[in-house]
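Quick look at what Swiss-Prot lists:
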type: SIGNAL; residues: 1-20; note: signal peptide
type: MOTIF; residues: 26-33; note: motif 'TonB box'
type: DOMAIN; residues: 38-152; note: domain 'TBDR plug'
type: DOMAIN; residues: 155-614; note: domain 'TBDR beta-barrel'
type: TRANSMEM; residues: 184-195; note: transmembrane segment
type: BINDING; residues: D213, D215, Y249, D250, D261; note: Ca(2+) 2 binding site
type: TRANSMEM; residues: 232-248; note: transmembrane segment
type: TRANSMEM; residues: 279-296; note: transmembrane segment
type: TRANSMEM; residues: 309-325; note: transmembrane segment
type: TRANSMEM; residues: 371-381; note: transmembrane segment
type: TRANSMEM; residues: 385-400; note: transmembrane segment
type: TRANSMEM; residues: 403-417; note: transmembrane segment
type: TRANSMEM; residues: 449-458; note: transmembrane segment
type: TRANSMEM; residues: 494-509; note: transmembrane segment
type: TRANSMEM; residues: 517-529; note: transmembrane segment
type: TRANSMEM; residues: 535-550; note: transmembrane segment
type: TRANSMEM; residues: 558-572; note: transmembrane segment
type: MOTIF; residues: 597-614; note: motif 'TonB C-terminal box'
Amino acid sequence: MIKKATLLTAFSVTAFSAWAQDTSPDTLVVTANRFQQPRSAVLAPVTIVTRQDIERWQSTSVNDVLRRLPGVDIAQSGGTGQNSSIFIRGTNSSHVLVLIDGVRLNLAGVSGSADLSQFPVSLVQRIEYIRGPRSAIYGSDAIGGVVNIITTRDNPGTELTAGWGSNSYQNYDLSTQQQLGENTRATLIGDYEYTKGFDVVAKGGTGMQAQPDRDGFLSKTLYGALEHTFSDRWSGFVRGYGYDNRTDYDAYYSPGSPLIDTRKLYSQSWDAGLRFNGERIQSQLVSSYSHSKDYNYDPHYGRYDTSATLDEMKQYNVQWTNSVVVGHGNVGAGVDWQKQTTTPGTGYVPEGYDQRNTGVYLTGLQQLGDFTLEAAARSDDNSQFGRHGTWQTSAGWEFIEGYRFIASYGTSYKAPNLGQLYGYYGNPNLNPEKSKQWEGAFEGLTAGVSWRISGYRNDINDMIDYDDHLQKYYNEGKARIKGIEATANFDTGPLTHTVSYDYVDARNAITDTPLPRRSKQMAKYQLDWDVYDFDWGVTYQYLGSRYDSDYSAYPYRTVKMGGVSLWDLTVAYPVTSHLTVRGKIANLFDKDYETVYGYQTAGREYTLSGSYTF
């Protein structure tokens with residue numbers, strides 16, 4: 001409570017009276033500037049998803065959670081567990097930084113982008129989602145935005161959940177948090193998920209050979225955490241989790257060769273930390289280790305056959321973050337150290353390599369009357385490409401009580417991945433991709449409607465593209481992204497409304513052609529209400545047209561995929577104070593659409609679940 005009260009006083013959040021009505025004083029955000037601050041004091045657009053939201057939406061995957069959020073466009077090669085890409089504000093999927101409890105997701109080190117189709121939604125207790133550049137705070141990848149998945153559970157007790165659904169879907173979950181003495185608490189989560197899936201078809205991606213089979217998914221997850229409070233100011237934690245996933249997919253068929261159409265992923269992560277929370281100073285030291293083994297193989301031969309591939313990576317992280325209350329704001333500073341190592345063959349790199357990065361950052365936030373000022377700078381020293389610096393600044397002006405104008409500018413970058421550097425077609429002389437981004441926004445509270453309208457431009461240079469003639473990767477691409485984002489939320493009696501609209505013009509700046517797999521327009525609407533103890537929810541999504549490549553034709557051609565409107569319906573009912581039953585119909589009107597050309601989506605799906613708490 002000392003920490004919370006100090007922060008609220010330091011930022012003088014009473015000046016933001018309008019936002020205080022929309023955001024509880026208890027709603028604190030960590031991800032925006034790497035220290036706790038009230039959401040009303042954050043100048044960047046931020047969305048928070050809680051475990052209660054996930055349960056109300058009855059989401060069975062992290063992608064299903066993220067697709068509801070402003071600025072997020074997801075392209076997936078089929079159903080649950082199939083490869084997916086996350087585009088935030090039109091940027092590449094490799095331009096999205098995904099954190100797990102503040103630490104980079106290990107799987108992103110091989111491909112350069114995070115595929116959240118494999119991460120268990122059962123571990124997600126909270127998501128903090130920041131849009132816009134954040135490399136000045138986090139380093140590489142944070143061009144389009146940052147998604148921080150937080151696994152720390154806050155509510156004690158035990159919950160048992162079981163669910164069933166279409167395509168033989170099954171899910172069984174146990175989560176418990178217990179107090180061990182006065183100052184120690186332990187958390188344990190176990191989860192099993194299975195679906196037979198459906199035939200994703202993969203037109204054009206199978207070597208002209210149809211593969212009429214079900215492409216299923218199996219996941220087993222285990223999580224444990226121990227937290228201890230040493231005193232009023234000192235606390236520490238140890239936690240670890242792992243998951244074992246198997247995915248069937250449609251693969252490229254070559255006559256006389258094994259058909260590699262099965263993926264087996266083992267992933268484990270461990271971290272430990274020590275925290276100090278003083279009246280004016282906060283400090284945290286975290287050390288983490290993660291190890292992933294990603295096999296692709298023909299099940300008739302097994303994952304140890306010479307035809308199989310293995311991407312294996314180990315990642316070591318040490319983070320020391322600090323913040324000090326200064327005046328009517330805060331100054332933060334910290335150091336990040338990371339080492340990534342791979343085994344031979346990972347990412348088609350014939351030899352094993354390691355890459356080290358040390359980053360030092362400084363942040364500042366001050367509230368001066370009606371003005372809020374924010375700035376950050378960072379320097380990264382990478383073992384491959386040397387030093388790289390980034391910076392950003394923002395200013396907010398409450399020109400009328402309850403109405404604020406925000407302007408920001410930031411630079412960011414994306415480091416080349418190991419395959420681009422050292423693979424068969426790699427180029428060790430690659431430079432990082434660089435971004436410059438501008439944004440202007442108005443936000444306010446009008447007649448009970450909390451709203452924000454933003455306009456932004458993002459120029460990305462030195463993008464890494466594969467040169468067909470030279471058969472190497474080079475820094476020769478450019479992108480120009482312009483967009484408008486509007487969000488609003490309000491209540492009308494028992495009804496709660498959340499609305500967003502995105503217009504994104506993402507183009508190749510050299511050819512002036514649209515970037516693939518991005519919708520030019522998106523509209524999203526969430527309606528929730530309670531009637532006679534029934535908790536109802538309706539989700540609407542409009543995904544505009546997008547472009548992709550048809551590889552079934554030679555030479556391949558660009559195709560335009562039409563837009564689609566999707567509806568989901570959910571309902572939950574508390575049978576007793578301990579037992580709740582839930583039901584969901586996804587894609588209510590059974591729309592046939594694709595987000596990756598040639599790959600089918602699920603169509604209408606049903607799920608039914610029950611949870612018992614004690």
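Each Cβ is built from the backbone N, Cα and C atoms, and glycine gets one as well.
Take the CB of D213 (Ca(2+) 2 binding site) and look out to 10 A: across all protein chains shown you find 14 other CB atoms. Of all the binding-site residues listed here (D215, D250, D261), it is D261 whose C-beta has the fewest other C-beta atoms within 10 angstroms. Close to the recorded Ca(2+) 2 site, the chain also has D199, V200, A202, Q211, D248, A251: residues not among D213, D215, Y249, D250, D261 whose Cβ is within 8 Å of the site's Cβ mean position. Beyond its flanks by at least six residues, the transmembrane segment (494-509) meets 69-71, 73, 87, 89-91, 459, 477-488, 515, 518-531 of its own chain at Cβ-Cβ distances under 8 Å. Cβ environment of Y249 (Ca(2+) 2 binding site): S77, G78, Q82, N83, V200, A202, D215, D261, T262, R263 lie under 8 Å away, each six or more residues apart in the same chain.
Residues 18-19, 21-22, 45, 89-91, 132, 143-144, 435-443, 479-490 of the same chain lie 6 or more positions beyond the ends of the transmembrane segment (449-458) yet place their CB under 8 Å from a CB of it.
Long-range contacts of the motif 'TonB box' (26-33) within the same chain: residues 4, 7, 39, 42, 44, 46, 48, 99, 102, 128, 130, 137, 146, 148, 330, 332, 363, 365, 374, 376, each at least 6 residues beyond the stretch ends and with a Cβ under 8 Å from a Cβ of the stretch. Summarising model confidence by region, the motif 'TonB box' (26-33) averages a pLDDT of 80. With a threshold of 8 Å between CB atoms, the same-chain residues lying at least 6 positions outside the transmembrane segment (184-195) that come near it are 60, 79-81, 120, 122-123, 152-153, 156, 165, 167-178, 216-229, 239, 241.
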